[in-house]
Amino acid sequence: MDTTPSSSDFIRETITEDLQAGRVSQVVTRFPPEPNGYLHIGHAKSIYINFGVADEYSGKTNLRFDDTNPLKEDSEYVNAIKEDVAWLGFEWDGLFFASDYFEEMYNRALLLINKGKAYVDDQSADQVRETRGTLTEPGQNSPYRDRTVEENLNLFERMRRGEFGDGQKVLRAKIDMASPNLNMRDPVLYRISHAVHHNTGDKWCIYPMYAYAHPLEDAIEGVTHSLCTLEFKDQRPLYDWVVRECEMPHVPHQYEFGRLNLSNTVMSKRYLKKLVDEKLVDGWDDPRMPTISGLRRRGFTPESIRSFVKELGITVAGGEVDYKLLEHHVRQDLNLRAPRTMAVIRPLKLVITNYPEGQVETLDVKINPEVPEMGMAQVRFSREVYIEQEDFMEVPPPKYHRLYPGNEVRLKDAYFVKCTDVIKDADGNVVEVHCTYDPETKSGSGFTGRKVKGTIHWVSCESAIPAEIRLYEPMLQEDADNALPFDERMNPDSLKVEQGYIGIDIKDAQPQEKFQFVRQGFFNVDPKDTTPDKKVFNLIVSLKSSFKIEQPNTKG
RNA sequence: UGCCGAAUGGUGUAAUGGUAGCACGACUGACUCUGAAUCAGUUAGUCUAGGUUCGAAUCCUAGUUCGGCAGCCA
C-alpha cells in the first residue's frame, strides 16, 4: 500500500524499543469501534494508526467491536463499519466481538470479588455520583463497600441470574475513593441492563463497563500496544489495575494519541446520529457527512483519505486541521486519475449566428491532458451550445477574461467566438447570448493569427444530456463561533441542487465514477440517486481558482 | 483552588544539546486551449521569565495559555 516511511513518533519509538528489548515478539494492535454509529474521518486516523503501525512492524491488527452496551448498539453498524474499514484498504487479522468474551470477563470478576477487590453496591446511580466527590474533594466510601466475599459472590451471581432490576445493583472495583484520579474512585465494573444485545441476545442482563472490559479484551487477544485517543489517558492506571488484578497472563499496554479535529466539521458521533435520526441529512452516507460512507458517496478516494491522515502524523498535542488539507489530498489524487469532461452546471444558451444550421461536428478531445495514455474522447459541437452563466457578463469586472459584448474567447476544443448580441427577457435577465465564430480558429488547426485570454467550456445543445448536479459546502458555517452549539452553526447552504447538462462523452458513466468537470471541480456519480434516466453528480471538491471577481457579483 | 497532558509561521508537522525544515493556506510571477495542473518566488514560527551550557525549540525552575477527566457511555 503506502510504503514510504513515516517519520518517527512516540508510538513507533516505543514499539521499536519493545521489540529490541524483547518485551514483545510481534506487534499486535486493534481497532475497537463501538457499533453505535458509522465511522467518520476521525476514525480513519485511528484506523490508519492501528493498522498502519502494526503493518510497518509486520504485526497483526484485529477489528474488534466493543459491544458492551446493548442499548446503543446494532448489527447495522457492525456491517457498515466492516465495509468502511475494508473500503479504506485495511485487512484485519482477527474479527472479534467484546461480547464473545463476556463469560471470561464474568469469571475474572469473580476472581476480583474473591480477592476482595470488587464489591456489589446497592446505591443508586445518583448516590454513587454524589459520593464520588469532586475534582477537589475526595469521595466517600459506599456503605456496602465492606460486604463479605461470600455475600458479594452471592449477590453478583444473582445479578447475573436476573434477580434484580436495571440500576438496582452494580459491581464496583474496590480501589480508592480518595484518589486524585476520579477513574480510580471505585469505578463501576458491571451494571444491570435487561436489554437485548445484538450479538448475545438475552443471554446476559449484566454488562461490563468499558473501563473493565477493554483491558481484558486487549489481554485476551494478545494485543501488545493498545492505541487509543487522549480522552482515555486518565484511565491508564485503571487499565493497568484491571489487567494486573484480573491476573491476565498477557499484559497489554495502552498509549494515547491526539484525536483528529477538522475545521467546520461535526466530529461527534452523537450529533451525527441526531442529524440522521431527525432526517436533517440523507442518512449516514449523505455526501455532506464526514462519515467514511458519506465521503465515499461524495466521491473521495480511499487513497486520498489515507494520504491525508498519514500526513497528520501521530502526536498528543491538540489542534484543528484545516479541511483544505483534505481537499488538497483528494485534488492531488484525482488530478491524475479523473477523466476530464465539459459539463455545464448553470446553463446559458449561446447561439453562433454564422454557424450553419443543422450542422454537427464531432471533435476529438483529450481525456486527461496530464495523462496522455488515457486517450481521446469525442464530443459534439453545433450552432447552439450551453455555456456557464458565470462565463458571461454584460458588464465585465476588471480582469474578466470570459465572454462579454465585443469580446472574443475560445470555446474549449472548438472555435473562437465573439459576442455580438445579448437577448434578455421581460425582466432584464440575460437568456441568450449571440456570437459569431471564426472557422479558421478551430482547435488543433494550428491557427496562430491571434490569441484570446479566455477559454470557456460548453456542451452542445443538440446532444446535451440533462443531469442533476449537487454542490456542497461545509455543514457548519465557516466563520461561526466554535463555542456555539452545532444547531446554531449549521450552514443552510450546505447543499445546492442545480439542473445542468453533461455531454455524450460521459453518457455511460457509472455510479461512483469520478470526473473533472473542466474549470469547475471533481464530481462523482451519486450511487444512490442516479437512475437509468437521470444521472446525479456530487461535487467532491472544486478546482482552486486564483480569479476572484472584485466587488459585488451581480451576474449577467 | 484536584489530577493528567500539551504548547514551533494562519493550520498541521519535523528538528531527540549543534544551520529552525516540510506540507497546506495566502500572496507574486512564468506558463497555459482548464483563471486548474506545473514551475519559480514571497510571506510567516520556537508561549513568557529566569537558569544550566561554548551552544537550548530541545535540559532545569517558575509562570501563562489551552485540552481532557466528576455516565450504571465508549
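Backbone N, Cα and C define each Cβ position, glycine as well.
TrEMBL entries are annotated by machine, without manual review.
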Would you please say which range out of A:181-185, A:236-240, A:256-260, A:266-270 has the annotation motif ''KMSKS' region' in TrEMBL? A:266-270
C-beta crowding around A:Y210 (L-glutamine binding site), within 10 angstroms: 17
Same-chain residues near the motif ''KMSKS' region' (A:266-270), Cβ under 8 Å, at least 6 residues beyond its ends: 36-37, 40-42, 259-260, 290, 475-476, 486
Most isolated by CB count within 10 A, of the binding-site residues A:N36, A:T229, A:S268, is A:S268
Averaged over the whole of the domain 'Glutamyl/glutaminyl-tRNA synthetase class Ib anti-codon binding' (A:338-438), what is the pLDDT? 97
With Cβ-Cβ distances below 8 Å as the criterion, list the same-chain residues six or more beyond the ends of the motif ''HIGH' region' (A:33-43) that contact it, or say none. 65-69, 72-75, 77-78, 80-81, 84-85, 198, 259-262, 265, 267, 269, 272-273, 284-285, 289-293, 295, 305, 309, 326
